[in-house]
Amino acid sequence: MNNNDIEYNAPSEIKYIDVVNTYDLEEEASKVVPHGGFNYIAGASGDEWTKRANDRAWKHKLLYPRLAQDVEAPDTSTEILGHKIKAPFIMAPIAAHGLAHTTKEAGTARAVSEFGTIMSISAYSGATFEEISEGLNGGPRWFQIYMAKDDQQNRDILDEAKSDGATAIILTADSTVSGNRDRDVKNKFVYPFGMPIVQRYLRGTAEGMSLNNIYGASKQKISPRDIEEIAGHSGLPVFVKGIQHPEDADMAIKRGASGIWVSNHGARQLYEAPGSFDTLPAIAERVNKRVPIVFDSGVRRGEHVAKALASGADVVALGRPVLFGLALGGWQGAYSVLDYFQKDLTRVMQLTGSQNVEDLKGLDLFDNPYGYEY
């Protein structure tokens, strides 16, 4: 999409979809989402090596089948920060759901609420707090902040999020500038609609702006003090998102973080960074259960959820697959994806002898000496 486009025609159909696997959803979504919007959602930095590394990293550790473990009807439910959720996954904060469907974040929110897990609301949402809240219908929500340069604007946004019902804040700290996203550059991509939550600090509403313009209006000089100030002002638990190094996890906890979010931003930021799953074990070891860990980047199967939990995560966050489901069927399509993950995880739990989520966290993994080519 470019500035000459008059109208962005996102899909609008609402229907449940059949999900065989989430990889196929990407190709299906490419047929219904406008070219620029699809490539914004699906794309990553550079030639997308790190996106491929996110997928290949799962092959570095394998699951042992376990026999005669006295397991039947595994229980996928768990709890994080006092929220009981149906399965150990939540919705990741993603900008601009309206690229995938006309219902925007409100559609995703309804799917998340109907399923029974937590919605992470992005500051770069194309919908208002009120619209998203209507979709959630009382369901739990966390709020992800991209910081403004003006601290008072940050405080105002945090106050609004808290008034809206947010029970935790996610500080995305890995995006002080945009990654070099080749697809968006080639497409001359600009956002076709506004970002009402952060338009107060943009030079405009975000409509017609590029990602570089938007990141340029946000705070680049994020410091440990910002973690302290967000926690102190909001009075809410703060997750620091974008952690890929154990020392950063340790710093965040010491400066007041109540949770660590292991993520490489879906491979959309630093090019030639490690596959996100490869970084998780060392971070979990350093965290040593002091605070909960959320993991994202590359989760596509029930096996991936199981491996992440066995490697130290408490829950995982789902991103692109849910948006592809939204594109293909609105809230019902997004719900179908969440339902697929639960059913796939239940199957994995049965085959690994895991009656509940705590059993998953205790699984031993096989270190694959052959790597991806095994």
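In case you wondered, yes, glycine gets a Cβ from its N, Cα and C as well.
Note that the coordinates shown come from a computational prediction; the quantities given were computed from them, not determined experimentally.
Per Swiss-Prot, active site, proton acceptor is recorded for H265. Residue density at H265 (active site, proton acceptor): 23 other Cβ atoms are found within 10 A of its Cβ, drawing on all protein chains shown.
DSSP assigns H265 (active site, proton acceptor) to a helical segment in the three-state reduction. What Swiss-Prot lists as pyruvate binding site is Y40, Y146, R181, Y215, H265, R268.
Residues within less than 8 Å, Cβ to Cβ, of G298 (FMN binding site) and separated from it by at least 6 positions along the same chain comprise K51, N54, D55, A57, W58, G266, A267, G275, S276, F277, H304. Residues or ranges marked as FMN binding site by Swiss-Prot: P93, I94, A95, S122, Q144, T172, K241, S263, D296, S297, G298, V299, R300, R320.
Taken as a whole, the domain 'FMN hydroxy acid dehydrogenase' (14-370) shows an average pLDDT of 97 in this prediction. Residues or ranges marked as domain 'FMN hydroxy acid dehydrogenase' by Swiss-Prot on the basis of sequence analysis: 14-370.
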Spatial neighbours of R300 (FMN binding site) that are distant in sequence (at least 6 apart) but have CB under 8 A: N21, T22, Y23, D55, P321
Cα within 10 Å of H265 (active site, proton acceptor) - qualifying binding-site residues among Y146, K241, D296: K241, D296
Spatial neighbours of K241 (FMN binding site) that are distant in sequence (at least 6 apart) but have CB under 8 A: P93, Q144, I170, L171, T172, A173, D174, W261, S263, V294
Integer Å distance between the CA atoms belonging to A95 (FMN binding site) and R181 (pyruvate binding site): 15
